[in-house]
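Notes to accompany the following structure.
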Amino acid sequence: MGKEKPFGTNHHMPVAWHEEIQASENLPASEASLDDKTSVIVRIGSLFLRSGAGGWRVRDAVNRVSRALGVTTSVSNGLTDIECTVRQDGLQCSQTVVIPDSGVNTNLMIDLDKFLVEIDDHGGDISIHDYHKRFDEMKSKKPLYSPFASGLASGAACGAFTFLLGGSLISMVCAFIGAGLGQFIRRLYLGNKVNQLLACGAGVAVACLAYCASLFLLSFVIPGAMDHQMGYIGAMLFVIPGFPLITSVLDMYLFDMRSGIERLTYALMIIILSTLIGWMLAVLLQLHPTEFFDQDIPEWALVFLRLIAAFVGVFGFSILFNSPKRVAFTAGVMGGIADTLNLELVKYFGFAPEIGAFVGALTAGLLASAVWKATKYPRSAITVPSIVIMIPGLYLYKSMFYMAQFNTGDAAGWLIRALMVIVFLPIGLILARALTDPHWRHTS
């Protein structure tokens, strides 16, 4: 007799959810066995992890399903794994699920949120089989946007981002081309299950090279085009890991330390990899991080243009997160208001960038709470894109550039500036949430 082969050949072995169900087809979940209830609870938590939701959202989903099924659950989750211990009538059952990588899928998050509303209403009456069928449907949904559309959104977002940093029209056009091609390549790689770090690195490299190639070609028809080299940093900002970076601090605020630290580590991996590749190509292509040229535009016109650019940037980033267009539009409006306020406080009124970032994030958080009451869109789906555009990618790049040259003084200075702004962004969101949500004001 030959040896029986193990189930599946993947490094992360899949779970045969339907084969493990003990309950009959139509038995309500409230009457199912503890093992079956646990499978539903841990799976919805793992799907929220797959959507990019933070630890608080995962725990909230697990708690709501547990209450509907009449059990209590202790949950511990990291970036890519979740462990649930479910208790009922003196018995307990523990299950662990690991997902192969991390990402952001706002559309999945919204679908799960809608299902949670049904579960709150009659979750105990839904059968175990129907739970898993619904989960299968949500998990198997294809991305809302093709790699080409995702590339266009990335190009538009990074072109707008470049303008907000102070870039010229030439820099914006080249950033659009670079970021568009870079995201297109990254999506193709991720679609073929290439390692996420390799896909990210390839996308950044293509973006930087495409920016430089575009700038070189423009120099034949526009004298002085090669003086706009600094904008190539804008071409690689599409890889900024906004969701894990922001949610890591939110999780640590709620003392969900494991999730917070793992998310922060993941975000730092992406940032360090991207900035190192950007630095390496800058050295090979003999580029240098100089300052942007002054934008010779009246202040009243700048305010209007910043509103438009911030809207386009946030809308584009929302598309990268697989947000439906209506959600992306909402986030874009919020981001336009919040980021323009941030920039005006810093550039017109002379506030410190950290204070501007705090006020901008606080504004985005308060707007999100008002929008949530009217639409029930997940707050993270509209707040994170609206403040991702405030993350100081330019500071991070300059820090890594000077560090690689062993210019430790300038490297430390830019790094501290970047960290101060990055920390104040989630602090603004936390304060907004604490002011509007009692669950975030009190420990329970």
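Glycine is no exception: its Cβ is also placed from the backbone N, Cα and C atoms.
Taken from TrEMBL, the feature domain 'Threonine/serine exporter-like N-terminal' covers 40-283.
Note on the domain 'Threonine/Serine exporter ThrE' (307-433): mean pLDDT across this stretch is 93. Taken from TrEMBL, the feature domain 'Threonine/Serine exporter ThrE' covers 307-433.
According to TrEMBL, the transmembrane segment annotation covers 169-185 (among others). Outside the transmembrane segment (169-185) by six or more residues, the chain places 147-148, 150-163, 199, 202-211, 214-215, 218, 222, 225, 228, 230-232, 234-239, 292, 320 with a CB less than 8 A from a CB of the stretch.
Under the heading transmembrane segment, TrEMBL lists 197-226 (among others).
Sequence annotations record features per position, and here TrEMBL assigns transmembrane segment to 232-254 (among others).
Non-local neighbours of the transmembrane segment (266-288) in the same chain are 79, 102, 197, 200-201, 204-205, 208-209, 212, 229, 232-233, 236, 239-241, 244-245, 248, 396-397, 399-401, 404; each lies 6+ residues outside the stretch with a CB under 8 Å from one of its CB atoms. The transmembrane segment annotation in TrEMBL covers 266-288 (among others).
Positions annotated as transmembrane segment by TrEMBL: 300-321 (among others). If one looks beyond the transmembrane segment (300-321) by at least 6 residues along the same chain, the residues whose Cβ comes under 8 Å of a Cβ in the stretch are 52, 104-106, 145, 149-150, 153-161, 163-164, 183, 238, 242-243, 327-329, 331-340, 343-344, 381, 384-386, 388-389.
The annotation transmembrane segment is assigned in TrEMBL to 355-372 (among others).
Look at TrEMBL and you will find 384-402 (among others) tagged as transmembrane segment.
Remote same-chain residues near the transmembrane segment (414-435) are listed as 245-246, 249-250, 253, 353-355, 357-366, 368-369, 379, 383, 387, 390-392, 395-396, 398-399, 402-403, 441 (criterion: CB distance under 8 Å, separation of at least six residues from the stretch ends). Sequence annotations record features per position, and here TrEMBL assigns transmembrane segment to 414-435 (among others).
The stretch from 197-226, 232-254, 384-402 that makes the most Cβ contacts under 8 Å with the transmembrane segment (355-372) is 384-402. Within its own chain, the transmembrane segment (197-226) is flanked in space by residues 170, 173-175, 177-179, 181-183, 185-186, 189-190, 232, 235-236, 238-239, 269-270, 273-274, 277-278, 281-282, 285, 287, which lie at least six positions past its ends and keep a Cβ under 8 Å from the stretch. With DSSP states grouped into helix (H, G, I), strand (E, B) and coil, the domain 'Threonine/Serine exporter ThrE' (307-433) comes out at 108 helix, 0 strand, 19 coil.
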